[in-house]
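Peer 1: Please see the structure below; I have some questions.
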Amino acid sequence: MHRARHRLQSDVVLETTVLVNRMMMKRPLLLLLLLQLVLENQALRHSNSYYYQDLSPDGKGNEEIYFSGVRLHVESPQTMVSAVQGGNVTLPCVYRYEPEVSSPRRTRVKWLWQPNTGETKELHVMVAFGSRHRSYGDFQGRVRLRRSAPGDASLVIDQLQNDDTGRYRCEIIDGLEDESITVELQFRGVVFPYYSPVGRYQFNFQEAKEACEQQAACLATFEQLYEAWDEEKLDWCNAGWLADGTAQYPVSVPRDACGGTEMAPGVRSYGMRDKSIDRFDVFCFTSSIRGEVYFLQHKLRLNFSEAVEECAQDGAQIAKVGQLYAAWRFAGLDQCDAGWVADGSVRYPITKPRANCGPLEPGVRSFGFLPHHLKFGVYCHKVRW
Ligand SMILES: *[C@@H]1O[C@H](CO)[C@@H](O)[C@H](O)[C@H]1NC(C)=O
Ligand SMILES: *[C@@H]1O[C@H](CO)[C@@H](O)[C@H](O)[C@H]1NC(C)=O
């Protein structure tokens with residue numbers, strides 16, 4: 001028996017093929033017109049589905065062809081997913097057959113990804129076939145398919161690591177045919193301005209980068225700073241380095257002390273700067289919720305060296321600035337007590353503003369860098385895994 005497998009696109013095809021089938025012998029001209037229509041229609045449409053059809057002439061020299069078209073749809077309700085480093089994430093991917101197939105199909109699910117690190121090749125994350133599955137590289141033991149319903153091929157990743165961001169592709173393979181969708185994973189984070197204990201505008205580019213890293217963060221990108229300005233009304237009147245080597249600052253409320261009232265609110269740029277000569281503050285980005293930040297309950301107030309020591313006694317470490325920001329933003333840490341943090345500054349996180357706890361907006365309040373003999377509480381950070 002002659003069998004041919006055709007790969008056709010768009011919804012119109014199936015509807016018209018039935019019609020074509022009936023008219024095939026009698027109306028060749030109309031058939032041509034119809035096909036042309038179909039092709040034009042196809043050119044206009046972008047569809048993430050395909051048909052495959054087993055064509056089986058009845059073997060009696062009859063030209064009639066029987067179609068048994070089944071279409072596979074692969075979809076994702078979200079093409080962009082954000083998550084927090086150290087948290088879990090589900091990358092949605094669902095497939096279904098149309099019309100529904102009665103017998104179970106041998107469907108292979110493959111998840112691939114292209115890291116944000118400039119890698120051009122796609123790497124394997126996981127392959128699943130029936131009840132068998134295999135995960136690769138750093139993903140081993142951290143990934144599984146959600147399988148919450150038939151056709152659910154969503155990928156669950158646990159304990160997100162800092163280099164897990166990128167473009168993920170869910171590929172569904174049935175026989176010779178495959179179809180896929182992509183989902184972008186990015187980190188949700190918080191941008192914070194940072195400056196040197198020595199004073200304002202002290203960092204060259206490399207020092208700025210290291211300063212962020214020492215506080216469990218990295219240099220913010222322009223997109224991250226823009227989002228912080230746009231969504232959280234970040235307002236900071238000192239220019240800071242960004243990852244692309246520009247120096248910029250976000251202004252929500254234009255004012256004289258901050259570039260004047262003539263200019264509209266926005267992220268203002270000093271443009272690309274000389275990375276070794278020019279000196280600014282810095283904007284850092286942190287997304288990590290690994291571990292827990294807490295205010296150490298202690299009978300006494302502590303100077304800086306005692307603070308470091310007491311966290312260690314508690315099986316923890318004095319918290320870094322990035323960790324305090326992440327705990328404030330993602331774990332809702334709210335504590336109206338000034339405490340030492342790792343860089344020798346004194347801060348406290350407020351999510352529910354109230355009397356005697358600083359300004360009316362939520363935020364991490366800072367007293368700046370203070371002499372180490374002064375006595376305060378302390379914020380510690382404990383790693384959970
Ligand atoms: C992530 O999922 C694991 C189980 O897979 C669970 O134990 C853990 O609490 C989850 N973590 C977060 C931050 O949701
Ligand atoms: C903190 O107090 C201890 C005594 O408890 C003292 O030995 C230490 O020098 C003090 N550190 C600072 C930075 O003042």
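Cβ atoms are placed via backbone N, Cα and C, with glycine included.
Any TrEMBL annotation is an automated prediction that lacks curation.
Among the features that TrEMBL reports, disulfide bond is placed at C237-C258, C311-C380, C336-C357. The domain 'Ig-like' annotation in TrEMBL covers 77-182. The feature domain 'Link' is assigned by TrEMBL to 190-286, 291-382. The signal peptide feature in TrEMBL is assigned to 1-43.
Looking at the shown structure, can you explain where the listed features end up?
Peer 2: Listed in sequence order, Y249, V251, A257, C258, G259 are the same-chain residues six or more apart from C237 (disulfide bond) with CB atoms under 8 A from its CB. The secondary structure of C237 (disulfide bond), as reduced to three states from DSSP, is coil rather than helix or strand.
The secondary structure of C380 (disulfide bond), as reduced to three states from DSSP, is extended strand.
Long-range C-beta contacts of C336 (disulfide bond), restricted to its own chain and to partners at least six residues apart, with a cutoff below 8 Å, comprise Y348, I350, R354, N356, C357. The DSSP secondary structure for C336 (disulfide bond) is coil.
Residues belonging to the domain 'Link' (291-382) score a mean pLDDT of 96 in the model.
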Peer 1: Pick out which of the disulfide-bonded residues C311, C357, C380 has the most other Cβ atoms within 10 Å of its own Cβ.
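Peer 2: When each Cβ's neighbours within 10 Å are tallied, C380 tops the list.
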Peer 1: Going by DSSP, give the three-state secondary structure for C357 (disulfide bond).
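Peer 2: DSSP call for C357 (disulfide bond): coil, neither helix nor strand.
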Peer 1: State the three-class DSSP label for C311 (disulfide bond), counting H, G and I as helix, E and B as strand, and everything else as coil.
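Peer 2: Assignment for C311 (disulfide bond) reads helix.
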